[in-house]
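According to TrEMBL, the features are:
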{"type": "COMPBIAS", "residues": "172-182", "note": "compositional bias 'Low complexity'"}
{"type": "DOMAIN", "residues": "43-164", "note": "domain 'Gram-positive pilin subunit D1 N-terminal'"}
{"type": "REGION", "residues": "172-209", "note": "region 'Disordered'"}
{"type": "SIGNAL", "residues": "1-24", "note": "signal peptide"}
{"type": "TRANSMEM", "residues": "224-242", "note": "transmembrane segment"}
Amino acid sequence: MGKRISFIVCLLLGICCFGMTGFAADEPDEQVELWIHTWGEDGKQVEGTQGLTFDVYDVTQWRNKREGDEKEDIEYLRNTHATKEKMQKFIQDEGFKKWNDSELGVDGSGNVSFDVPRYQAGKDAAYLILASGETGKYHMTPIILYLPQKHPETDEEAKRLLIYGKYQDISKPPILSSSEPEPTSEPEPSESSSEPLMAETPKPSDQSFTERMAKKFPATNDTVQNYTILGMLFVLVGLIGIRKMQKKTKGEKR
C-alpha cells in the first residue's frame, strides 16, 4: 500500500513539474504579431507603393550594447542614417542578421502581417524593418521597434501591434530633428518625414479591424488559466485517492 501512495505522489509531482516546465519553455518562444498598414489615413494607396516588400533585421544586440533610451536610439538612427542607402550601409557595417527567410509583401489592401519573437537570446527583442519596392517619390521610412510595447491606456504589454507607415519625399532633403516631436494625426505622405515611426495600438477608427483581430487570436492568459485549472484537478483527484487508500488500509488492519 505504501508503494501505491508513493507512486501516486510521484505521479502528481511529475505532472505538476511537466506543466510548469512546459509553461516556462513557452516563454522564450512567445510571439508578437505585427500588422503594417501602408496606405494613407484617407484609406487610399500611396503613389508607387503597390509592390512594397519588407525585410526584418534583429538589432537586439545593438540595443543592449547602447543601453540607451528607445526614443534616443530611434532619433539617432533617423538622423545619422536618414536615407535607405545609409541605412543599408549601417546594416552591413553592424552585421545585422535578417530575420525573415521569405519575402514579406503587402496584400491588395496595403497590409502585411507576420509574427516576430518577443525575445532574442533571452533579451527583450528589437527589430529594424525596411521597406523596398517603391516606384515613386514617396519612400517609407524605416521602422524601429523595441519590445515590449505597452498599451497607452491600460499599460499592459501588447501582443498585437498595428504600425502605420510613414513616408518621406525623396525629392526633398531629409529633415533632421534634435528632439522628438509631439505626436499628431498622420499627415500627408509628403509631410511625414519628420514624424517618428513608432509601433502603435489600433486607433478607434480601426474598430472593425481590431475586432477581427480579437476574434482571430485568443487572449494570452488562456494558457496560464488552463494550466492552473488542470493542475488543481489533478491534485484534487490525487488527494481523494490517497485518503481512500488510507481509509481502506485502516479497515484492513482492524
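Glycine too: its Cβ is placed from the backbone N, Cα and C atoms.
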Averaging pLDDT over all residues of the domain 'Gram-positive pilin subunit D1 N-terminal' (43-164) gives 92
Reduced to three DSSP states, the domain 'Gram-positive pilin subunit D1 N-terminal' (43-164) has 29 helix, 42 strand, 51 coil
